[in-house]
């Protein structure tokens with residue numbers, strides 16, 4: 001069954017991260033950061049199925065070199081807390097053959113590049129050995145500046161803005177679902193995905209709790225519930241008891257997937273979504289995390 005996932009994250013110096021390190025890790029390559037002198041060597045890592053650069057038609061020739069591209073992107077930023085890259089992480093259908101998964105990722109990256117005028121570094125990864133073997137995915141690193149014949153120019157402010165950025169991510173979520181469904185159909189696969197939340201789809205079942213690849217893989221191999229599932233069920237049960245004793249629903253610090261924050265870009269909206277999920281789980285007695 002095809003699954004849908006798209007999250008957007010910022011790569012920022014304030015978090016100790018860099019575009020050079022992020023690109024090297026995702027592509028499985030070696031890149032020396034000319035700004036800091038650090039060498040990021042991930043040539044021995046496994047699981048990288050492909051790594052491609054997608055550039056605007058008028059990008060300079062040097063931008064086709066991954067190390068040159070990301071060093072230039074780093075040098076274009078002068079602030080200590082600068083955001084140096086933006087990452088779109090997408091799930092790719094395990095029903096598609098490898099070449100089609102790569103084509104899907106590149107097609108989506110191409111539309112991002114055409115719309116925003118930036119460069120994209122696309123790495124397709126295989127599932128981890130210890131996790132869910134259906135977890136094919138891609139990392140699309142975008143430069144935060146547009147690039148033209150003379151190199152990097154202005155920032156892609158439309159993606160940084162709190163209002164327009166949130167709206168654009170919503171548009172891109174819908175567009176990726178369209179591309180994914182079209183590719184599945186082209187390959188004669190009946191499965192389809194939906195980018196909308198359960199509430200938007202009009203479904204009344206409780207949202208599922210993401211177990212993570214290790215726990216999911218354990219359950220599929222053994223047929224037994226993982227420790228993470230049992231811990232979560234116990235946690236919800238205890239919270240239900242407390243809520244009943246208090247006679248009211250209270251806000252709780254139940255962990256929610258970071259993707260809620262990644263996709264919204266709005267802390268207040270993320271907190272509201274967290275509280276809504278918790279209320280639904282408590283009302284139904286226990287979360288359906290299967």
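A Cβ is built for glycine as well, from the same backbone N, Cα and C atoms used for every other residue.
Just so you know, TrEMBL annotations are computer predictions that nobody has curated.
In this model, the domain 'MobA/MobL protein' (17-221) carries an average pLDDT of 91. The domain 'MobA/MobL protein' annotation in TrEMBL covers 17-221.
Positions annotated as region 'Disordered' by TrEMBL: 18-37 (among others). The list of residues near the region 'Disordered' (18-37) in space but at least 6 beyond its ends in sequence, with Cβ under 8 angstroms from a Cβ of it, reads 11, 43, 45-48, 51, 66-67, 69-71, 73-75, 84-85, 87, 121, 123, 125, 139, 141, 143.
Taken from TrEMBL, the feature compositional bias 'Basic and acidic residues' covers 27-37 (among others).
Here TrEMBL flags 196-207 (among others) as compositional bias 'Basic and acidic residues'.
Residues or ranges marked as region 'Disordered' in TrEMBL: 196-229 (among others).
Residues or ranges marked as compositional bias 'Basic and acidic residues' in TrEMBL: 218-229 (among others).
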